[in-house]
Ligand SMILES: Nc1ncnc2c1ncn2[C@@H]1O[C@H](COP(=O)(O)OP(=O)(O)OP(=O)(O)O)[C@@H](O)[C@H]1O
């Protein structure tokens, strides 16, 4: 299949903002795709090459990409760079360079999707000494044979800036539409495997029955079950039907551990493979988790010198570290508190009641210095749970989780089977959708940031406010560096950026607002942390803000 067809799809997607039209376009395209392409085409449609949990990365920045284009076209790298000022988009500039290409090689062949994909895989798998040069040559080879429009979208794929507005929800709907299968079944299969390539293939070849048979697999991360916030212990107990398991809510980073014999993979909250960053935990898991094959979940916590938990940012620092990991192990010791088990020796446990999963967890895990089982209390009594809550806070933890004893595990769902109880209103994780240049001494830095909440229905990020406080000078330098390449549009002092970066903010209150399309505005938002453990689609949704608004009103009522 020609890559040109995919490039034309991208172009059509870019031209419309209508979700239904986009879904139809993607569905029609999927119908035409040969079976053996289905495993990877959904990722290309999303603007990626691999699923988020795949460790491989292209490792190609703008400079190298421009060099590759220059090599393929004979157009000077400086000229390509300069033309970005006119086009406002490197993809466009690269398309222009390809248009100017002096001549095509005699052996020039039209690009196929497979060739582009396989080349990108090769680029990602080329590492070590001299790899930059090799990556560049592979890419140059593609650009030599590319039409201008193809070059534009290859460039965007390489840089991860596709801008076609196709998010997971849309792809899910398109798969259902293309292969006449139920959306709920596509969703379910995706929540269980996090693999759209696999899901698309099953949808096409095995239909609804095949999708219904899909179950979790070791090595493919499962979307985590999530919680809502309760106003207090009493409300939580009531919601749980009078009795619940309360557990300490550790303030760290959630991980999902897949054990297959000696092979351990650890996935982060956003399902990135973080195994390499935490070797001591990997070793400790091998000892502590008894079954040959298992999937368990827990909260990874950084421990301070006094034995008390450190804020979750410390764990994220461990995740980010690629070198001198040994040194980091000493600086930031970790502890894993396991709280769930999803798979044991060949059998999925997600349809097992929570209470039985917890029993299983206690059976299969032999705690050691680094691996523990989350401290719990099963009770019907408000006072008992409140005492436990108090103790958890005194120990420096975030609060408690309440879990419904008879609840099955619901991948990817933020329902009421799990509730969190903590003393403060929930911080929000929002996406930066725009920013404003600072004043005076800070005129070269972006100084305040427009926050968007995710709307899973349309894939849009709707404005809920602007945050300018809580940043250090270093933070602003860092954010300016991160956001500059994501700028889509400039309007005076204001820029609009690709919605990629998630930050956590506190705020004094959520207010109803007619000013914003989202319907809500944050009063006095303040920056807390960069959440690079979350992707834009993991950010808080409009619906969640509406729920928090209700919760806030209930909490106020109590005071
Ligand atoms: N005992 C526990 N059981 C379940 N989750 C726990 C526990 N202790 C800590 N956690 C953490 O609390 C989170 C549950 O809250 P929530 O569903 O809101 O997740 P979140 O969106 O990642 O929010 P947060 O910012 O609070 O981590 C889990 O994802 C996990 O990271």
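Just so it is clear, glycine is given a Cβ too, placed from its N, Cα and C backbone atoms.
Within the same chain, the residues at least 6 positions away from residue 249 (active site, N6-AMP-lysine intermediate) whose Cβ sits under 8 Å from its Cβ are 392, 397, 398, 399, 400, 401, 420, 421, 422, listed in sequence order. The active site, N6-AMP-lysine intermediate annotation in TrEMBL covers 249.
Look at TrEMBL and you will find 247, 254, 269, 299, 339, 414, 420 tagged as ATP binding site.
Residues annotated as domain 'ATP-dependent DNA ligase family profile' in TrEMBL: 327-455.
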Candidates 247, 299 (binding-site residues); min other-Cβ count within 10 Å returns 247
Taking the Cβ of each of the binding-site residues and counting other Cβ atoms inside 10 Å, which one has the highest number: 269, 414, 420? 269
Taking the domain 'ATP-dependent DNA ligase family profile' (327-455) alone, what is its mean pLDDT? 95
Name the residues of the same chain, 6+ apart in sequence, whose Cβ is under 8 Å from the Cβ of residue 339 (ATP binding site)? 247, 297, 298, 299, 361, 373, 374, 401
Would you mind checking how many other C-beta atoms are within 10 angstroms of the C-beta on residue 254 (ATP binding site)? 19
Number of helical, extended and coil residues in the domain 'ATP-dependent DNA ligase family profile' (327-455), per DSSP: 32 helix, 54 strand, 43 coil
